[in-house]
Amino acid sequence: MHHVLSTDDFTREEVLYLIERAEHLRRLSRPELAVRLRGAVVATLFYEPSTRTRLSFEAAVAKLGGRVLAAENARENTSAKKGERLEDTFRVVGCYADAIVIRHHDEQEMVRAAGKSPVPIVNAGAGAGEHPTQALLDVYTLWRELGRIDGLRVCIMGDLKYGRTVHSLLKMLTYFRDIDVTLVHPDSLALPADLEAWLRERGLKMARERDMAAALRRSDAIYQTRIQTERVRSLDEVQEASAYVIRPEHLSLLQPGARILHPLPRVNEIDMEVDEDERAAYFRQAENGLYIRMALLEELLKEVVR
Amino acid sequence: MHHVLSTDDFTREEVLYLIERAEHLRRLSRPELAVRLRGAVVATLFYEPSTRTRLSFEAAVAKLGGRVLAAENARENTSAKKGERLEDTFRVVGCYADAIVIRHHDEQEMVRAAGKSPVPIVNAGAGAGEHPTQALLDVYTLWRELGRIDGLRVCIMGDLKYGRTVHSLLKMLTYFRDIDVTLVHPDSLALPADLEAWLRERGLKMARERDMAAALRRSDAIYQTRIQTERVRSLDEVQEASAYVIRPEHLSLLQPGARILHPLPRVNEIDMEVDEDERAAYFRQAENGLYIRMALLEELLKEVVR
Amino acid sequence: MHHVLSTDDFTREEVLYLIERAEHLRRLSRPELAVRLRGAVVATLFYEPSTRTRLSFEAAVAKLGGRVLAAENARENTSAKKGERLEDTFRVVGCYADAIVIRHHDEQEMVRAAGKSPVPIVNAGAGAGEHPTQALLDVYTLWRELGRIDGLRVCIMGDLKYGRTVHSLLKMLTYFRDIDVTLVHPDSLALPADLEAWLRERGLKMARERDMAAALRRSDAIYQTRIQTERVRSLDEVQEASAYVIRPEHLSLLQPGARILHPLPRVNEIDMEVDEDERAAYFRQAENGLYIRMALLEELLKEVVR
C-alpha cells in the first residue's frame, strides 16, 4: 500500500513509469479500458469543493470500469461536523472503498490521519499545500508536448506565493536534470522563502525575470497561473499580478515550438484569443490529467483487482 | 455532434423519431438496455438544483449502461466561483465526459459557451428560459396517452408567465397540425406578449378562456402548472393563480378519454384525490421522461459507443 | 414489496436470515458479488447529511453491481423546497429507481409517504427516530463477534435519551432471549420513559448501573455512544455524559472475550488508544454494516433482478 500525499512520494523513475503507463492507457479502446478496475471502489471525499479535480478522478475510475463513492461536500456533510477525527473517517470509508481520493483543507491533519488508513489515500489538493497529481499531469504535459523534461527552460508566471500547483510542480522538477526556471511575478507574490531555499538546495536553477517579454522569448514552456484571489490578501497583490497577462500580441515572442500551460481554471490571465494558437496546451493538459490519474489509480489498486 | 439547447433544435420529424426510439427502449429488458451506452460517460452539471431532472437523466444513463459524473451543486463548487467562464468548464469537462447535461441560470451564457464545447451540451432547464427535454417528454406523453398529437385540444392552465415548461411545450406544439390551445390563467400570469406573438406567427391557434369548467369540458389534455412562487413577484399573482386548482369535483367535467398532465413538482394545484383517476397522467409523464431522455442520449452518443 | 422503516418491520427470523445472507455475501469474490444486482438502480435521498451511512449503502449497491442515483443534499436541492410532498417525490423517484434509501428529518412524514411509494423505501435514519439498518448491523456485530445474541449481557452507555441507534438496538434486542441489559448514563440522559416502559412490556430485562467499572466487568458487550451534542440541549447534559469515557485503564476490567461496540462517529468517548485492543470491535462493526446492507438490498430487489 502506498499513499500519494506529496510530490515527495514519487521518485523520478516512478514519475516516468506513470507517464509511460498513461501513454499506454490512452492508446486503449473504451472496452479495453473498462475492465481494468472492474470490481474496485474509489471514494472521493472533497472537504474543499473542486468539481474539476473531482470529476477528473471520477472519470478516471469510471473509464477503467471501477465504481465511485462521491462526497461532493464532505466538510458539511460528514461526521467531521460531529467532531470525528479524520483518521476515523479513513478507517470507516476504508471499509467501503479500496482507495480514498481526498481534498482537505488541513494538510497536516490529512498526512497524520493517512497513517491509520487501511487503504491508499490520494491527496487531491490540500489547502495552500501540496497537489501532487497536478504536478504529475504538469510534467506529463511537458513530456508529451515537448518530447522531454530534462533540459527544459520553464517560465513560471503569476502568483508564486499562494499557487500550490506551482509549488508542487517546482518540487517535482527537481527530479529532472538541467531544468532552467525563470520566475516572473509581482514583488508581493514571490515564492515562499523556505520553499525557494529548499529548491535551490536540491539544485534547481531558478532566476527571477522582471521583463515578461524576455522570459517568453527564452522559454520552452510558460506555466501561467491564476491569482488565487481567495487566498491573496491585499488588493495591491491582485493589481500587481494582473500585469502578467498573456495576450495575442505576445504570441509572436514565443518560440515556434514553445508551449503555454495553465493548471486552470483561467480567469483573464490568458486572453481567450490565445486559445486558438496551437502552442496553447492548457486544455490538452487537462485531458492529460485524466490519463495520468488513471495510471496512478491503476498502480495503487493493482493488488485489489488482480 | 448536436447540442440540445432549445426546442428549436428539433424538427417535427426528430421529435417523432425520438418518440419512436423511446417506445422501442421501453420494450427492452434490463440486460438489453444495459449494454447500449456501455463505455460512455455523461456529466451532469447543475448550477441550479433540481434533483428530479438530474436523477431522471442519471437514471437514463445508468439504465443504458453508461457512467455518470455528477455535480449536484455546480454553482457553489465549480470553478465558476473562481471566475472561470462556462466555455472553459465545457472544454475541461468535455475532456472527461462524452456529453454534458447542464442546468444553468443564465441561458444566454450557456448557449454562447456551448459553441466552444467539444461534446454535446444538453440544456436541462435554463433559468426562466428553455427546458427542451421537458417539452419532449410532454409531447411524448400526449402521443402515448392520447394516441396522437396533431389535432389535439390542449388546455394550458396556471402560471403561463413564468412557467418555462409551458413556454417550451407551446413552442414544440407549433410543429404539429391543428392544435387547439386554450389558455386558462389569472390576468397577471398571462403568456409573455413576445412569446404569444411568436407562437401566433407560427400558426398556433390559442384562445383565452376565463371559465375553467368550460376549458376542462372541451379539452383532450389539461396541462396544469405550478405557480412558480420562487419567480412570481407579488402575493396578488399567487392568490389569483390559486383559483385554478383541479379538484375531485372537476373530474365529472372531463371527457372520458381526457388526460391531466403536470410537469411536477405539484404543490396543491391538483388535489391529491385526483391522482387515483386514470385520467391523471402526471406520474406516467414523469416516467416517460426517463425513456425520452434515454432515446435522446442514445442519439447524441451513438458515434461514441459505435 | 417491503418497506424497511422501523425495527418493527423485521421478525427475529428475518434478522437471523439477513445475518446468514450477510455471512454468505462476505465469502464471495468481487466478480461473484458484482453480478447480483446488475441492472438494479437504487436512489439515496439524504435530507439530513450523513456521508457515512450514505456511502455504506452506496458501496453495498456498487459492490453488488447495481447503480446508484445519489442526492447528497436532498433537503436543499429537491422539490421539497418548492413545496412538493414527500409522497410525490417517492412516486417520481420510484419511476427511476427500484428502491429508495432515505434519511429524512420527519419520521412520520416518511412513514406516511412510504404508503404511496411504488418501490421499497429504506429508512437510513429519521431525525431522532428510528435507524433500523443500524440496529441490524449492531446485532449482526454481536452475533459475529460473540457467536450468539440470545443470552448476552449488554451494557448500553452514554446518551440514552437522544441516541436513536440505542433506541433501535434495544427494540431489536427484544426479539432475542435472555438478554440482560445494563444501562449506564448520566441522570439527564436516561431512556425516554415511554420507550423504557414499552421495552419492559416486551420483556427486556434492564437495570441501571451507576458504577461504570461494575458494568464493564459484567458485560459481554459494551455499546458506547456519542453524546448527540446537536440534539442535547444543556451544557449540564454534555458535562455529565463526558464522565463515561472508555480509557485504556478500563481494558483490564473487561472480560477477555468481551467486545466494545460504537455506532460511530466517535468523538472522545472512547480513547483512541483503546482502538488497538482486539476487543475494540467498532471498525469491524462499520464493515459489517456494508454486508448486512448488501443482504437487505438484495432481499428487497430480488424480484427486480430475477
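Using the three backbone atoms N, Cα and C, a Cβ is placed for every residue, glycine included.
The candidate list C:Arg26, C:Arg27, C:Arg30, C:Arg103 contains one residue that TrEMBL assigns to the carbamoyl phosphate site with C:Arg52, C:Thr53, C:His131, C:Gln134, C:Leu264, C:Pro265, namely C:Arg103.
Our reading of the L-aspartate binding annotation (C:Lys82, C:Arg164, C:Arg226) yields a largest Cα to Cα distance of 35 angstrom. Proximity to chain A (Cβ-Cβ under 8 A) holds for C:Arg226, C:Pro265 out of the binding-site residues C:Thr53, C:Arg103, C:Gln134, C:Arg226, C:Pro265. In sequence order, C:Gly158, C:Asp159, C:Gly163, C:His262, C:Pro263, C:Leu264, C:Pro265, C:Arg266, C:Val267, C:Glu269 are the residues of the chain that are 6 or more apart from C:Arg226 (L-aspartate binding site) and have a CB within less than 8 Å of its CB.
Excluding the listed site residues C:Arg52, C:Thr53, C:Arg103, C:His131, C:Gln134, C:Leu264, C:Pro265, the same chain places C:Ser50, C:Ser56, C:Ala124, C:Gly125, C:Thr165, C:Pro263 with Cβ atoms within 8 Å of the centre of the carbamoyl phosphate site Cβ atoms. Ranked by CA distance from C:Arg164 (L-aspartate binding site), the binding-site residues C:Arg52, C:Thr53, C:Arg103, C:Gln134 have C:Gln134 at the top as the closest. The most densely surrounded of the binding-site residues C:Arg52, C:Lys82 is C:Arg52 (count of other Cβ atoms within 10 A of its Cβ).
In sequence order, C:Lys82 are the binding-site residues among C:Arg52, C:Lys82, C:Arg103, C:His131, C:Gln134, C:Arg226 whose C-beta falls under 8 Å from a C-beta of chain B. Sequence-distant contacts of C:His131 (carbamoyl phosphate binding site), defined by Cβ-Cβ distance under 8 angstroms and a gap of at least six in the same chain, are C:Asn123, C:Ala124, C:Gly125, C:Arg164, C:Thr165, C:Ser168. When the domain 'Aspartate/ornithine carbamoyltransferase Asp/Orn-binding' (C:150-298) is classified with DSSP, helix, strand and coil residues number 64 helix, 24 strand, 61 coil. Calculated from their C-alpha atoms, the gap between C:Gln134 (carbamoyl phosphate binding site) and C:Lys82 (L-aspartate binding site) amounts to 31 Å. Neighbour density for C:Arg164 (L-aspartate binding site): within 10 A of its CB lie 21 other CB atoms from the protein chains shown.
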